[in-house]
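The structure appears right after this line, and notes come after that.
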């Protein structure tokens, strides 16, 4: 009995002895080097495979590769980039965050929560300092990453675009100002700037560059007509002229309504008809017609009265009942003209006056008559009737003479009336 009992433990020991050796051999076969992990698919024929991107295996073993540490979760900078054989090393906290220095696995907190004087925070904990990264693994030959600051520098393309914008905007502004200056200079010289090209009447379509407002449309237009046309081109002046004409017509109507009707004594049938108004000379259609008491020029109310020179007024003594007062009563507050000037047109500060020429006593009368010898009129008396006015007496011949209207001599044609255009304090003699 005793020998059999001793054999049983020995046999059990011999039976259990191969199991640790086999287990050790199988475990040693499944261990992988750093940077690799066991291959779970035995059909490939390999026991280990490289670690996938983003994972690492730092030592021998049969465990799979572990993922790299994410420093962003802890609000820290990467001090060392992870590889297949080492993990990522986290450094200091982000700018604006604080945490224990030298402990990369502890998450950082915002500087707004930090007390005064906390390391890594300044200006009441809202601006991060430029930290120094902790370089580790110098023996392993890993590359280190320089710490960054909180400012983001733009690329070279963005900087070039900013410089281009800064250079182009002033150029466009200067070009616009230069164009405005050129237009003002051209307007001073008489040109006018337009956005489109004007086609002139010539074959080439080009104009002379003169303002059309200063061109004389009619070659026979006199100076006063040109001045009136230039004045009436503006709306303000045209309105003022209309008011002046209305006032003139109203005064004429008032004068004619209150004027006593004067009848001329009956004249001989051969005497030419004379206008009873005697406000003007019959130079347009000759003598007045015999159709009515008023000539064709009187029927047109647009003709003004003839303003005689002071010498002619002094020489002639018109009948008070027949001739109206040719001078206009100046308005209250109106500026008096110079001595000898007769105002023809006055609109605001613009005034057209006539300067009579200084003639000798022999050149006083404006209408000259000559007598020629001829057959006497039987029905006319030898001497002018004493009851006739001076104008009819000038038309009637005395002692068998004939009266003719003659044109002034050639030298008198060259003599023209001078006019003064007065605007404010400056005078322009025409």
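Every residue, even glycine, has its Cβ placed from backbone N, Cα and C.
Summarising the annotation, Swiss-Prot assigns disulfide bond to 51-65 (among others) and lists similarity to another entry as the type of evidence. Under the DSSP three-state reduction, residue 51 (disulfide bond) is assigned to coil, being neither helix nor strand. For residue 51 (disulfide bond), the count of additional Cβ atoms within 10 Å of its Cβ stands at 21 [all protein chains shown].
Among the features that Swiss-Prot reports, disulfide bond is placed at 71-90 (among others), with the record citing similarity to another entry. Summarising the environment of residue 71 (disulfide bond), the number of other Cβ atoms within 10 Å of its Cβ, over all protein chains shown, is 21.
The feature compositional bias 'Low complexity' is assigned by Swiss-Prot to 134-143.
Under the heading region 'Disordered', Swiss-Prot lists 134-156 (among others).
Residue environment of residue 223 (phosphothreonine) contains 12 other Cβ atoms, counted within 10 Å of its Cβ in all protein chains. DSSP classifies residue 223 (phosphothreonine) as helix under the three-state reduction. Annotation comment: Swiss-Prot describes 223 as phosphothreonine, evidence class a large-scale study or a structure entry.
Over the motif 'RFRV motif' (349-352) the predicted model carries a mean pLDDT of 69. According to Swiss-Prot, the motif 'RFRV motif' annotation covers 349-352.
The feature region 'Disordered' is assigned by Swiss-Prot to 373-410 (among others).
When Cβ atoms from all protein chains are considered, those within 10 Å of residue 90 (disulfide bond) total 26, not counting its own.
It is 96 Å from the Cα atom of residue 223 (phosphothreonine) to that of residue 71 (disulfide bond). In the structure as shown, the Cβ atom of residue 65 (disulfide bond) sits within 10 Å of 22 other Cβ atoms. Calculated from their C-alpha atoms, the gap between residue 90 (disulfide bond) and residue 65 (disulfide bond) amounts to 19 Å. Annotated pair residue 65 (disulfide bond) and residue 71 (disulfide bond), C-alpha to C-alpha distance, rounded: 19 Å.
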